[in-house]
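This is the structure, below, for whatever I ask next.
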Amino acid sequence: MIDYRLPEKCNGVPADCQALVDALCRVAITLSRKIARGPLEGAFAAEVGRNTGGDSQKALDVEADLAFADAVIGCGVRWLASEEQDGVLEIDPNGSLALAIDPLDGSSNIDVNVSIGTIFSVFDAKADGEASFLRPAREQIAAGYFIYGPQTALILTFGAGVLHYVLDPIDLQFKLINDQLVIPENAREFAINASNYRHWSRPVRAYIDDCLAGDEGPRSKNFNMRWVASLVAETHRILSRGGIFLYPADSRPGYEKGRLRVVYECAPIAFLVEQAGGKATTGTDRVLDQTAQTLHQRTPFVFGSADKVDRVTAYHDLPDQEVSALFGTRGLFRG
């Protein structure tokens, strides 16, 4: 199912982890083929309810959730936490792993043919289900995502670099194409939903203002803006060609502490990004040093090329004044 021609430094991956990843791959292949058929598969983009966080649930969200839960039986998983469920499910009392999963990230894009994906995170299981996930994010032993797009790909880390697999549609095998994925440093791209500009904090507005000022501003270069509204698609682009992604907290009700979930989205993406040489923060603090207090806790999220993420942190560290003007006057971080 997956080509385990891992680089030498990845030797010693737990057998249960390999079995688990193979099980996830089987479901991903099924989802990939179903997604590729689009409306020919029926009304899987129809809204069928709301999940525990109040987000819209599509029919395929529910189907994917059930499929992954069934697939991991017998793969060493003791605890399963899903973004689509309220609590933790015990799969096997004798299992050694705890799996957190967002079965179908970006499902609002299903009916417009934009890339969506599956995000997952693996911890060593503890005796208590919730405690297996409510712990420092740096304690993950594996993380990855599937992206269902023009190609179906798997991006995976066991803590020794990032592996990039692509699904061969002929033999339905995930084949390793890059055993050391590294984020490029010089991309002139940022991703943010600019329609929320008026709700952002001053440091975030100042950072984006300086990007938009282009070669006439303190950055002395022109930038392009991207926004797909699919976390896996944004992550895949940044891992492939660099840049920065920002989903900050803002002043709208329900967004004061960010919108993306620590356990199901930010922790696994942060693990991948750091393993690829980038950084991932809340805007001020390292995500992998965070400990979620609840399974569905949300957080601001900034990740990408290390120098760009550091710059956002620096903007937050300045006194609350005209940040952009201060940077321009003093010539800080130019270029």
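For all residues, glycine too, the Cβ spot is worked out from N, Cα and C.
Copied straight from TrEMBL:
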type    : residues                               : note
DOMAIN  : 16-176                                 : domain 'Fructose-1-6-bisphosphatase class I N-terminal'
BINDING : Glu83, Asp102, Leu104                  : Mg(2+) 1 binding site
BINDING : Asp102, Asp105, Glu265                 : Mg(2+) 2 binding site
BINDING : Asp105, Gly106, Ser107, Ser108, Asn193 : substrate binding site
DOMAIN  : 183-316                                : domain 'Fructose-1-6-bisphosphatase class 1 C-terminal'
List the binding-site residues among Ser108, Asn193, Glu265 whose C-alpha is within 10 Å of the C-alpha of Asp102 (Mg(2+) 1 binding site), in sequence order, or say none.
Glu265
With the Mg(2+) 2 site defined by Asp102, Asp105, Glu265, which remaining residues of that chain have Cβ atoms positioned within 8 Å of the Cβ centroid?
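The answer, listed by sequence position, is Glu83, Gly106, Gly117, Thr118, Ile119, Tyr145, Leu231, Val232, Leu260, Arg261, Tyr264.
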Apart from Glu83, Asp102, Leu104, which residues in this chain have a Cβ no more than 8 Å from the mean position of the Cβ atoms of those residues at the Mg(2+) 1 site?
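Apart from Glu83, Asp102, Leu104, the close residues are Asp61, Ala64, Asp65, Ser82, Glu84, Ile101, Pro103, Asp105, Ser107, Thr118, Ile119, Tyr264, Glu265.
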May I ask for the distance between Ser108 (substrate binding site) and Glu265 (Mg(2+) 2 binding site), taken between their Cα atoms and rounded to an integer number of Å?
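Ser108 (substrate binding site) and Glu265 (Mg(2+) 2 binding site) have their Cα atoms 16 Å apart.
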Using C-alpha atoms only, work out the spacing between Glu83 (Mg(2+) 1 binding site) and Glu265 (Mg(2+) 2 binding site) and round it to an integer in Å.
9
What is the one among the binding-site residues Ser107, Asn193 whose Cβ has the most other Cβ atoms less than or equal to 10 Å away?
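Sorting the candidates by Cβ neighbours within 10 Å, the top entry is Ser107.
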Sorted by position, what residues of the same chain at least six away from Gly106 (substrate binding site) have a C-beta under 8 A from it?
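For Gly106 (substrate binding site), the qualifying residues are Val114, Ser115, Ile116, Gly117, Val228, Ala229, Ser230, Leu231, Val232, Ala233.
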